[in-house]
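One structure is given here, and the rest of the page talks about it.
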Amino acid sequence: MKCPVCHQGEMVSGIKDIPYTFRGRKTVLKGIHGLYCVHCEESIMNKEESDAFMAQVKAFRASVNAETVAPEFIVKVRKKLSLTQKEASEIFGGGVNAFSRYEKGNAQPHPSTIKLLRVLDKHPELLNEIR
């Protein structure tokens with residue numbers, strides 16, 4: 001079968017590891033079955049192959065999303081804890097202007113900071129334990 005994209009190469013059944021990037025994070029999706037063009041490397045997958053591919057994509061995206069947080073959430077938790085941006089930066093680290101950058105969406109906190117913010121959102125009384 002000729003490639004439907006480049007019309008030059010033949011489509012050959014194979015298994016490949018596919019590089020994948022989401023929100024600046026990179027991974028390699030392992031063992032992706034499909035038909036691959038020997039010329040342009042385009043791929044065609046049947047439903048089963050596509051479902052397996054998408055399962056890996058969704059799992060990676062979920063792991064990346066678990067490490068990121070919306071700026072609005074950071075503002076909400078900081079205010080819930082009655083902290084200024086400066087106080088929050090002193091407690092959680094990241095530099096003197098860290099929370100300003102996080103709340104504007106210009107930077108993401110370290111994953112450990114995100115986890116701690118999530119815990120404090122549910123249990124604000126624990127703030128005194130980390131001060």
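The backbone N, Cα and C atoms fix where each Cβ goes, glycine too.
Note that the structure is a prediction, hence the values are computed from the model and not measured.
Taken residue by residue with DSSP, CYS40 (Zn(2+) binding site) is part of neither helix nor strand, so it is coil. Annotation comment: Swiss-Prot describes CYS3, CYS6, CYS37, CYS40 as Zn(2+) binding site.
Taking H, G and I as helix, E and B as strand and the rest as coil, DSSP gives the domain 'HTH cro/C1-type' (74-127) the counts 38 helix, 0 strand, 16 coil. If you look up Swiss-Prot, you'll see 74-127 marked as domain 'HTH cro/C1-type'.
Listed as Cβ neighbours of the DNA-binding region (85-104) (distance under 8 Å, sequence separation of 6 or more from its ends, same chain) are residues 71, 74-75, 78, 110, 113, 116-117, 127, 130-131. The feature DNA-binding region is assigned by Swiss-Prot to 85-104, with sequence analysis given as support.
Most other Cβ atoms within 10 A: among the binding-site residues CYS3, CYS40, that distinction falls to CYS3.
A sphere of 10 angstroms centred on the C-beta of CYS6 (Zn(2+) binding site) encloses 13 other C-beta atoms.
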